[in-house]
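Asks: Below you'll find the structure I mean.
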Amino acid sequence: MSISAEDLSTQPQRRKLPEIAELIDETLKAYPEKFAKRRAKHLNVYEEGKSECDVKSNIKSVPGVMTIRGCAYAGSYGVVWSPVKDMIHISHGPVGCGHYARAGRRAYYIGTTGVDTYTTMHFTSDFQEKDIVFGGDKKLAKLMDELEELFPMSKGITVQSECPIGLIGDDIEAVSKKKAAEFGKPVVPNRCEGFRGVSQSLGHHIANDSIRDWVLDPAADKHPDFESTPYDVTLLGDYNIGGDWGSRIILEEMGLRVIAQWSGDAPSRSSTASSKSKLNLLHCYRSVNYITRHMEEKYGIPYIEFNFFGPTKIKESLRQIAAFFDESIQEKAEKAIAKYQPQWDAVVEKFRPRLEGKKVMLFVGGLRPGHTIGAFEDLGMEVIGTGYEFGHNDDYQRTTHEIKGNTLIYDDVTGYEFEKFAEKLRPDLVASGVKEKYIFQKMGFPFRQMHSWDYSGPYHGPDGFAIFARDMDMAVNNPVWGLTQAPWK
């Protein structure tokens, strides 16, 4: 179906709760009865004031549907480990998974590629049929020897297991332990085979556990010369997918010392210094909450979740962070806010009249289905539907603080459901992932790819709001939408 610009401009006002509930029921009629009952638990309309979204989450997708989720391998390698710039990350298995994981997600960094940084390079054991039959441990060991010879300045190696490794039972832990002793540097095995768990969320957990067991805890007492200050913080869950250095910059402007960051533009020593932090600051809670809670329990380091999308949330987060420290930090936080306020005001003045009242449907992973809502609202836009690829119940609980009543909630939405909801609700903008991008554009909907800022960005941080506003305006108000028509029309 093609939606013209005229259709979008004449769409009805925000629907009431009963109408959206009817839309859910109508959409589910296309499914077999048993599956419809199962999917109904993942769809709901949020009622104002409730502390729950009342949707089931973190449950396996049903085989045969077009799910938007990724796998455990994507969560471990593609999200958490790959941005660690001075370690070599081996995709252990067939070449395809490693290629798409490496090429599909950006992670900006400072360094010389192939000398002291390796993020954009693809290292694979290139499993073949004979490796499935005879095992791949010897091949993995040989690969590590070659990498150590070719890249002696690397600070370590991680092994990211693909599906065949778990199926044939290779002992990557034994190989890693042996090579770590030979090389004198960490060699970290990750049992992140794609068939494990529900989604990429398990991969985050596996990566967090390997950081804890192989990097953080073993090095916790190896910093005798570390000079601590009262203002030491660690930045966690910030992956620098589009040059997102702004978060660190504004934290330093308010007087804090960022002693470690994980894992965007992060050297491996970042995690080893984290145990000395006075406060952990979480950007993406879902992907790093496991290691954060471990650090709270073992090292007594508290944490705060922050949101640097849009001026309203930036100011709110800065003041929350500053309240943990003394008055000098609180004063500097206010000075930082005052510094950027004119810039934010100018952005709102320019773009809000062009975007006021425009409706948005979100479906992303990690934090964006909730965190970006404030930035859209700063521009006068209204989020009418949102959901998580791999969210857990606590993600939806926190989202209730961001959304309004009558917002459509969809967990692990199927391709059919997402298209049907958009067709009926007629949003002015759909913000989701690369798999959805071209489908909705062919339907005539303006679209922004929110996993990697649609190859633009950054969208968060003090300077990111201007780019965010420009890109939303560029998508929504592009005259091409008045000319487009679905290819099958």
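Backbone N, Cα and C atoms are what each Cβ position is placed from, and that goes for glycine too.
Summarising the annotation, Swiss-Prot assigns [8Fe-7S] cluster binding site to Cys71, Cys97, Cys163 and lists similarity to another entry as the type of evidence. For Cys284, His451, the entry in Swiss-Prot reads [7Fe-Mo-9S-C-homocitryl] cluster binding site, with the evidence type similarity to another entry.
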Asks: In terms of DSSP three-state secondary structure, what is the assignment for Cys71 ([8Fe-7S] cluster binding site)?
Replies: coil
Asks: Given the binding-site residues Cys71, Cys97, Cys163, find the one whose Cα is closest in space to the Cα of His451 ([7Fe-Mo-9S-C-homocitryl] cluster binding site).
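Replies: Among Cys71, Cys97, Cys163, Cys71.
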Asks: Within the same chain, and leaving aside Cys71, Cys97, Cys163, name every residue whose CB is within 8 angstroms of the centroid of the CB atoms belonging to the recorded [8Fe-7S] cluster site, in sequence order.
Replies: Ala72, Tyr73, Ala74, Gly93, Glu162, Glu193, Gly194, Phe195
Asks: Report, as a single number, how many Cβ atoms besides its own are within 10 Å of the Cβ of Cys284 ([7Fe-Mo-9S-C-homocitryl] cluster binding site).
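Replies: There are 20 of them.
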Asks: Tell me whether His451 ([7Fe-Mo-9S-C-homocitryl] cluster binding site) sits in a helix, a strand or coil according to DSSP.
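Replies: SS state of His451 ([7Fe-Mo-9S-C-homocitryl] cluster binding site) = coil.
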Asks: Can you give me the Cα-Cα distance between Cys163 ([8Fe-7S] cluster binding site) and Cys284 ([7Fe-Mo-9S-C-homocitryl] cluster binding site) in Å, rounded to a whole number?
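Replies: The Cα atom of Cys163 ([8Fe-7S] cluster binding site) is 26 Å away from the Cα atom of Cys284 ([7Fe-Mo-9S-C-homocitryl] cluster binding site).
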Asks: How many Å lie between the Cα of Cys97 ([8Fe-7S] cluster binding site) and the Cα of Cys284 ([7Fe-Mo-9S-C-homocitryl] cluster binding site)?
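Replies: Spelling it out, the Cα of Cys97 ([8Fe-7S] cluster binding site) and the Cα of Cys284 ([7Fe-Mo-9S-C-homocitryl] cluster binding site) are 24 Å apart.
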Asks: Enumerate same-chain residues with a sequence separation of six or more from Cys71 ([8Fe-7S] cluster binding site) and a Cβ-Cβ distance below 8 A; give 'none' if the list is empty.
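Replies: Spatial neighbours, sequence-distant, of Cys71 ([8Fe-7S] cluster binding site): Gly194, Phe195, Arg196, Ser199, Gln200, Gly203.
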